[in-house]
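Visitor: Okay, here's the structure, questions in a sec.
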Amino acid sequence: MKRVVRQSKFRHVFGQAAKNDQCYDDIRVSKVTWDSALCSVNPKFVAIIVDASGGGAFLVLPLNKTGRIDKSYPTVCGHTGPVLDIEWCPHNDQVIASGSEDCTVMVWQIPENGLVTPMPEPVVVLEGHSKRVGIISWHPTARNVLLSAGVDNQIIIWNVGTGQAMISLEDMHPDVIYSVAWNRNGSLICTSCKDKSIRIIDPRKEAIVAEKEKAHEGSRPMRAIFLSDGNVLTTGFSRLSERQLALWNVQNMEEPMNVTEMDSSNGVFLPFYDPDSSVVYLCGKGDSSIRYFEITDEAPYIHYLNSYSSKEPQRGMGYMPKRGLDVNKCEIARFFKLHERKCEPVVMTVPRKSDLFQDDLYPDTAGPDPALEAEEWFDGQDGEPIYISLKNGYVPGKNRELKVVKKNILDSKVTKNADSPSPAVKAASSTPSIKSEAKLDEILKEIKSLRDLVNSQEKRIIQLEDQISKIAI
């Protein structure tokens, strides 16, 4: 009875799919069998891994570019094998990393207004894996720190600013790594592996802090994520192939704090966690529903809230960071659900009568500014996320653009350090002219493409007018 009357402001959360004109249509979503989300979203862009002949590619669309996407729309297409995972950088909304079957990780800088021409050249290529790279994850609080995990059972942590592999965790996993996740301040990672073990690892000490063998008895893939209180949430399968959700205390992993059994479907759960509201959303690959649970401090810890159901199964899922939500409509989550040929936004809303800002739904959330530089983190420092208020909606500030300029200085250093390392001052002085030339080229290309578009529409209008005049006769 207690569970029925439990007070929660998220009890009445409901999901609503966007109308057709707000979807992204005619996208050839990738058919790779790898269990990744195939989609990554930030407040500016949605990126979707697509089928590409002779290599790997992904689409990057500005959020407002809804409707039918032309087959000739430019893609990010530098990989020579299918792309398996992509993730936007949390500290720069124009930087995205991708891992591929070609054994490389590539980091890309997307132009401010999206792609006008195909992008075959990344800012930096990170080579170090001997087999395909299936997992990509940016550090939550340190700038330019990127983790990648491959089918070579190896985890590498890179300093993207210098293009160097700084940490390599080789002998910790005897089999394929299914998932890797950072904790809130990026001091630890948790991994799930095909050997059915969950491991908590301190990457800088290259040491396993805690380990649980047979966290889930089933042989299907598991996932593990950190919660904001330091506990670990896992999804997996029981011996009878029932899907499970389990909560673990890292200090004592002998027994789970809670195990919730759900159903006997065989789709792997993709867990998405909102640390501000302590709500976990489970999106099963091949399911047509999104289940959501609230995690609390009191037993039974995991409380089922509700589920959003639709007719179409999901191929993958993108999850918008909190700063990209519409606070005026009481949005607490926005998903980008991949169908076979389209991407459909699904909004989760808490019904409220008042139009005022709901500060209980929107505590200060992690902002785009990094707490640390890469070098500081590799030297052993930790930094908590820098929080921002969403009271007036998220607006990218002036500081942010200064940070982007700093990123570009870094980019020029990356390209030069292959030949000879040049002093930072030189890089800084040469960057503005290079940057302005690149910007000018980009604008000219965009103007040309718009001019072509206008001409083609003009011809179409003339054709239609001819047809109308014939009908009128």
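Placed from the backbone N, Cα and C atoms, the Cβ positions cover glycine too.
Whatever TrEMBL says is automated annotation, not expert-curated.
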Visitor: In TrEMBL, which of the ranges 76-103, 328-355, 384-411, 440-467 has the coiled coil annotation?
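Guide: Residues 440-467 are the ones TrEMBL records as coiled coil.
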Visitor: DSSP helix, strand and coil counts for the repeat 'WD' (76-118)?
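Guide: Tallied per class, the repeat 'WD' (76-118) gives 0 helix, 22 strand, 21 coil.
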Visitor: Same chain only, please: residues at least 6 beyond the ends of the repeat 'WD' (126-168) with a C-beta under 8 Å from a C-beta of the stretch. Say none if there are none.
Guide: 34, 36, 81, 84-91, 97-107, 174-177, 179-182, 184-186, 189, 191, 201, 203-204, 206, 366, 370-378, 382-386, 410, 413-414, 417
